[in-house]
Structure formats: structure tokens, C-alpha cells
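Student: Here it is, the structure, as C-alpha cells.
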Amino acid sequence: MMTYLSKQFSKLLFGQLLFLFIGNLLLKPVQAYPIYAQQAYANPREVTGRIVCANCHLAQKAIELEVPNSVLPNQEFEATVKIDYDLNQKQLLGNGQKGGLNVGAVLILPEGFRLSPNSRSPFFNTYSEQLPNVIVIGPVPGEKYREIHFPLKAPDPTTNKQVHFVKYSIYAGGNRGRGQLYPNGQKSNNAPVLASVNGVIEQIRENEVVIKTDQGDLVSQAIPAGHTLLVKQGQKIQNEQPLTMDPNVGGFGQAEKEIVLQNPTRLKTFIAFCVTVFIGQLAFVLKKKQVERVQASEMN
């Protein structure tokens, strides 16, 4: 009896360990799906002003960035990145099937500006420990996040000497859909297949095209699932000529806006000055009216 129970316990323990091991393997790709730029670039903005996401998302699609014109120290405010696209469009997924578009965004803030500590969204992350002023999000479902609202907090120059009461620039980048390249230069299946040689289409199979070169050699090129062929058997083709239609329906865009970190003392002084000028003008008008009445009474 004890032997039987021991065997059953061993089977149960082995099953649980196997489940955990397989589950861990399956979960790793999900957990290891960060913004690819974080893995390949120390800074998301190049010296030319180009945001590095454009190196993998080759198509260009505009985005909009909305921020307040000015903020006060320690003020919490919101920046909105609008990533618009046709919801009826479907993108080519990694498995060759069609699915909805995902979106992602990066917001590059001035030094000292941070993600609001009151933000409860699990999707926002800082780009790195060295760049806490750069906020990233994605990939997230495009149907829900065509507008991404970043909750932010302005710095206080009285406590942070690296910050000043001046005008700053805020940069944003946003993409919809999958990229065409990986950071290592490898193409994804979300890009057209180009001919690697000159020649003639010798044969078309289910997942490959065989090209007969001008020298008589046969070159086979794989065609990912979900692609639509543009060529037919017997057709003469050139090197780098598209063999399939471009499956990409997404694209990347970037925008820039300016924001002023206002000095409260200067703002109060300006308001006091405006009030003083208004009172002075009002007193002048009243005095003028009084003089006119006196002159009118003397004439009568």
C-alpha cells in the first residue's frame, strides 16, 4: 500500500514539475516582448532627431502630440499621443494569420520631468534606469489605445538644480502594426519578399518560389505564410524585384511640441502688473470723465 502511494505521489510531483517547466518556457516569450529599441539602443533619439523605432518600422504614418503650453513646478499634467488608423485593417501576424493592429509609443521628456507617481497603469515603463524621463508603452491593442494618455509630473527647479524655468521640447514617437525589421537586421514576415537574383520563375510551390538564374542555377526562395504572390511561372525577374505584395498596413510617426516651465513668482508678478495697469487705466478713464463733466458744467 505504501509503495503504491509513493508511486502515485512521485507521478503527481513529476507532473507538477513538468507543468511548471513547460509553463515557464511558454511564458518566457511573453515576458520577453519589450520594446525592441530598449534592447538595442541606449538612447531612443539619435543626434539627428530621428527616433530609433523608425529603423524597424519603415513605413511612415503621422501621429499627433498634445501637451499644455505651460506648467508649474510639481504640477501633474497629461500628454496625449494620438495614433489613428482604420480599424477595419488587419495586419499579418507572426504565424501568417491576419489580426488586429497593436500600437506602441515612446515619450521623450525634458530632464526632470517624470511619469506621475499617481499613475496606476501597468503598461507604462521607463526606457531605462539611466533615462527615467523617457516613457514607453506597448505593444497594446490598437482598438483600445488609439489615444495614449501619459500622466506626467513637472519638476521643481528649487529642488532640482538641473532644471530651469525655460521652454523645453517634448518628443513623441508612435507606431501601429508590426515592424519590417528586427534590431539585428533580420526581416520579419511583415515585409515584401524580394528576388535575390536575376532570372526566370522556374517553379512556384506552396511556400517557395524557384528561380532559374541566367547561369542556369536554381535558387529557392521561401515565401512566408499569408503573403500574396506578384509573379507567375515563366516570368523574367530582376534582382531586388518584389515577389510578393507588401503585407504591411501600419507605420511609424513622430512629433514634437514645446512646453514652458513657468516660474510662479514671475507669474504672480505679471498678474500683479496687469492688475496695476488695469487699475491705472480705469482711474485715468474715470478722471477723464470727471474733467469732462466739470468742463461741461463751466460751459453751461
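Along the chain as shown, the residues are counted starting at 1.
Using N, Cα and C of the backbone, Cβ positions are placed for all residues, glycine too.
Below are the features I grabbed from Swiss-Prot:
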type	residues	note
SIGNAL	1-32	signal peptide
BINDING	Y33, C53, C56, H57	heme binding site
TRANSMEM	267-287	transmembrane segment
Student: Would you mind listing the long-range same-chain contacts of the transmembrane segment (267-287), meaning Cβ under 8 Å and 6+ residues beyond its ends?
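Tutor: Hits for the transmembrane segment (267-287): 72.
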Student: Could you tell me which of these binding-site residues, C53, C56, has the fewest other Cβ atoms within 10 Å of its Cβ?
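Tutor: With the binding-site residues C53, C56, fewest surrounding Cβ atoms within 10 Å: C56.
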Student: If I restrict to non-local contacts, at least six residues apart, and a C-beta distance under 8 angstroms, what lies near H57 (heme binding site) in its own chain?
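Tutor: Set apart from H57 (heme binding site) by at least 6 residues yet with Cβ under 8 Å, we have N175, G177, G179, Q180, G250, G251, F252.
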Student: Please classify the secondary structure at C56 (heme binding site) using three-state DSSP.
Tutor: coil
